[in-house]
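Pulled from TrEMBL, these are the features on record:
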TRANSMEM  31-52  transmembrane segment
TRANSMEM  464-486  transmembrane segment
TRANSMEM  526-544  transmembrane segment
TRANSMEM  556-574  transmembrane segment
TRANSMEM  586-605  transmembrane segment
TRANSMEM  611-627  transmembrane segment
TRANSMEM  639-661  transmembrane segment
TRANSMEM  691-710  transmembrane segment
Amino acid sequence: MALEEEQKPKGGVARSRLIVRLGAFLVSHNVFVSVVCCIAGIIALLLLPVLAKNTYISENALMPGSANPAFSAQDVMEANRFVKDLIDRRTIEGTGIEIPRLIGQHMAGVGAEVYYHKFWPHKNQFHPLHFFSCAPNTVTMQSNSSCASVGVNSIGIIRAPRGDGKEAIVLVTPYNPWKIELSEALSLGLAFSIFSLLGQVSWLAKDIVWLAADSQFGEYTSVSAWLKDYHSPVFFSESGKMNVDMCYEYNSHQDWDRITVNWANANAFKRAGTMAAALVLKVLEKKERQERDSLTIYAEASNGQMPNLDLINIVHYLAVHRQGLRVKIATIGSLLNSVWLRSIGEIVQRLCRFAKSLDPRWKYDITSADYVEGSATLASSMYYQAIGVPTGSHGAFRDYQVDAVTLELSPWFSLKNENSQSAFLLRGGRLIEGVIRSVNNLLEKFHQSFFLYFLTAPNKFVSVGVYMIAFALLIAPLPIVAVAPFSGKNKIRLSTDKGNQRPGNTCTDEIEITIGSWKWLHAAKVVFMIHLWAVIVLLLPYFISQIPYISPTTSMLVWVAVAISALLIVYLILGSPYSSDCEWALLKSIMIAAAFIGLGLMSIINFSTAQIGALIVVPMCLMVRPLKRHKEVALCTRVMLMACNLVLAVMGSPPAALLILKGLSEGFGRVGIGDFWVWAEFLWIWNSATYLYLFLVHLPCWALYVHILLHP
């Protein structure tokens, strides 16, 4: 025991020495480590389609396809009759009131509890305190509102015969009552036939809520307003209520008395239980020719939120293996025809074949075409998550932690072909019935499968444990390079003092550190000054948007002018960043530390934004140095560094990068200065965290990058 106690200090000293030496090695070889990590991070990002795994259903209780579908030809006939009623009513003047009444009548006819939900359009105005709240916010009710400015949702609830009213499944069908299309009528007819069927079954254990959402102000608006009132009810005074009967004035020639629905229930908000899942059902006619009926799944919600992967898995399984539908998810079409991506795919295909020849147990086998398609799908998934804006009204449910997806059914034939409609409605009805039946089997919320993932195909995904590797490799050099300027000034000495040994210790580890000057405080003041300026730039649109009748171009010019003026004022108050006390190496070090912290925090909020931002921010942090220092290197290296710095200075600026990318994709003739204002307004209306990242992390990093380039 005494011998073991004597050996413990030796082991601790050895470990501390090893850590110190490893840190010293990494800092002294920071350039080599940075190059290796960045190349490895980009390669890992390109290999994500290869590392994607097949999807599988984690929750055994779902049991998709375990029961025979009850949706039959009789239900299809019922759907067709409902569609015919909708099409006949759309020719009537004032159809915006007539259609919700008709839907409510049919809901009540199958024994459902019916009520109507009134809502007003969203107020598209930036407010800095609305970030990370349910986006966007609704306008306060006004007493002088008219029928043209109010939307009416029709909601029906079927109480489960085997349930206790504590859980519910929501079915959403968006439509525009003032101009209903044939595709919207088909989606309403399909939803009604499913709703009617579920009112007759005996196996139902969760309440069914059918929300016929009035989408005249947007599909998201109606669903978001209903969910807001569902989870946080608002009580209106009598003066705040709007009399829906005033809408009778829209058509005095019609006999409104024949409508039997009681509009007094318009404010009687009824609820079911906690929402277990939600399905947004849409029928859409595709312009491109298809060989069979298809199903497109939209899953991205706000700020990178995704539904539980099991919900997508059961939809895919039932659509492919039970109904024979072709399942698709969004892809970036321009990448499918990309020459450089196809070349990378061929290289990856050869490497996979070589790896498989070494060990047949390695299953990394992918063709060039599959790699290109997987990369295009992965890029689309990352893009929509990074933008932070939901791809459909299902995103409103994720704001309340409800798993939801949008299912867009597309027939291979024209929607006007009535002969093929029945088979299409039969497949769609059985699919929705099967999904609802699987969710009905759940005894608890979705929790078994993944919530953080990227899709590379409808049946392939990349989990968080895999795609985090690429991001970790990209940002790994940042703390190492940030410490490098201090390594020359700090003195670290390991010594073994044998003369002053204590009993029980064979040696001691003495670390002497000399801090040196406090000039880093001046660099920290400059970084703080730039971030303070970035906060001002972040809040400026709130005040600019208050100016009436101002165009996006004028708004953008005012934004830039005020931002530059604010920067000069900050310089006058806090001092110039080019003072003699501020060394560029220390400024670079603190800039890198701030960028590292910002990227790390953003990866928690929205990983896709952090991943795409790291591809630009990390090269800026690693390569920046004053332009005057380039005279010390060879001519060839100097030209290369100047070119890289120029590209990073231009592409690192958010407005310039957006305008250049838009010009390359759509043509520079269509690019205007106000496009960045429109895009930024789009982000802040939806409370996207990407807007915060651009102005609290990316913009300060770019500004400091330019400061260091021009440092004397």
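All positions are counted from 1 along the displayed chain.
Using N, Cα and C of the backbone, Cβ positions are placed for all residues, glycine too.
Proximity of the transmembrane segment (611-627) to the transmembrane segment (526-544) is not established, fewer than 3 Cβ-Cβ distances being under 8 Å for residue pairs spaced 6 or more apart.
Sequence-distant neighbours of the transmembrane segment (31-52) (same chain, 6+ residues past either end, Cβ-Cβ under 8 Å): 344, 348, 352, 364, 366, 370-371, 374-375, 378, 454, 456-457, 460-462, 466-467, 469-474, 476-477, 480-481, 611, 615, 618-619, 622.
Here the transmembrane segment (691-710) sits against the transmembrane segment (586-605); at least 3 CB pairs are under 8 Å, leaving out pairs fewer than 6 apart in sequence. When each of the listed stretches 464-486, 586-605, 639-661 is scored by C-beta pairs under 8 angstroms to the transmembrane segment (526-544), 586-605 comes out highest.
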